[in-house]
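Participant: Copied straight from TrEMBL:
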type	residues	note
REGION	1-22	region 'Disordered'
COMPBIAS	1-12	compositional bias 'Polar residues'
TRANSMEM	41-58	transmembrane segment
DOMAIN	52-339	domain 'Sugar phosphate transporter'
TRANSMEM	70-89	transmembrane segment
TRANSMEM	128-150	transmembrane segment
TRANSMEM	170-190	transmembrane segment
TRANSMEM	197-217	transmembrane segment
TRANSMEM	229-249	transmembrane segment
TRANSMEM	261-285	transmembrane segment
Amino acid sequence: MSLKPSNSSQNLMLPVSDPPTNQNDYADDKLFRGSAMTKRGAFAAASYMSCAVLLVMFNKAALSSYNFPSANVITLLQMVCSCSFLYLLRRWRMISFTANESLLISDNSTKFVSLKTLKHTLPLSGAYLFYMLVTMESVRGVNVPMYTTLRRTTVVFTMLVEFALVGQRYTPPVISSVGLIVFGAFVAGARDFSFDAYGYAVVFMSNIATAIYLATISRIGKTSGLNSFGLMWCNGIICGPVLLIWTFVRGDLKTAINFPYLFSPGFIVILLFSCTLAFFLNYFIFLNTTLNSAVTQTICGNLKDLFTIGLGWIIFGGLPFDIWNVSGQFLGFAGSGLYAYYKLIGK
């Protein structure tokens, strides 16, 4: 790689969220003529969905199949791995942390981001901690199909939070597609005989946390000057120590050390995949939310549920076949598909 200072979005090996520098570049980046989504936006959305499906499966395997006692410890391990990956990639000059950053100039600096920028991302770090801890716990409380069903209502919370924070308004076609998603979620859950009040409450709390987190990414990602990797790095170095202290005080670390399957080859493989996928998932969440929007990110989460539900039924079971559930799933996917269509055509 040349040491000549240049634009980060042109020379980095991995895509970041830097916007096109002129209108011609922006037009060329469109998915197709008249589309509201760019090629990079479509890539981010598809990559997020792939990582999300796999991560849910590995997290469920660790927490349920192996009965690992602490979701917080898994979250901590994922964060440590993400920071390690980012540090190595940055040192190898494969990525940068700020938009339009010269790698040569940055390498001569004593730190990756300024203290002022770090302080600017504090609200994002707080939202991230809340989101990660609640989301990890929500996977344990309900079966995989019902988890994905209830999580579809996140889009409503996201729209409300975006309206409250930045005054974002949506067109009637988009609102109608979201309404169809929510209606499908309630139809699908109407016959869940494994109802658990605590599990359902945690999932809805996870929905609220997700909405706040995504809206915060969208807002801070556009004002901090950081790209997706920079936002992830700030999150990690702020949230990592907090989470470490939290797991130590609660005794989660001691419980994890005494876990009987801690050195089991199968469990170690699951943890490695979980940590690696979490890194890529967080990256694509930042990229997708910054390039597209918080609501688009939420809808992508709904679209990937088709594969999550299918794999969940096959691998973990937990929900018998029922016409109400199948009908609800179909309505939810139809609503997600409509939203994607309206997004593509720019409505």
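Heads up, the Cβ atoms here are built off N, Cα and C, so glycines get one too.
Mind running through what each feature is packed against?
Facilitator: The predicted model assigns the domain 'Sugar phosphate transporter' (52-339) a mean pLDDT of 80.
Residues of the same chain lying 6 or more positions beyond the ends of the transmembrane segment (70-89) and with a Cβ under 8 Å from any Cβ of it are 14, 59, 62-63, 95, 132-133, 136-137, 139-140, 229, 232-233, 236-237, 239-240, 243-244, 246-247, 250, 252-253, 255-256, 271, 274-276, 278-279, 282.
Long-range Cβ contacts of the transmembrane segment (229-249) within its own chain (Cβ-Cβ under 8 Å, at least 6 residues beyond either end) map to 14, 16, 70, 72-73, 75-76, 79-80, 82-83, 86, 89-90, 95-98, 112-113, 117-118, 121-122, 124-125, 128-129, 132, 217, 220-221, 256, 282-283, 286.
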Participant: For the transmembrane segment (261-285), what are the same-chain contacts with Cβ under 8 Å, counting residues 6+ beyond its ends?
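Facilitator: Long-range Cβ neighbours of the transmembrane segment (261-285): 44, 47-48, 51-52, 54-55, 58-59, 61-62, 66, 68, 74, 77-78, 80-82, 85, 214, 217, 228-229, 232, 235, 297.
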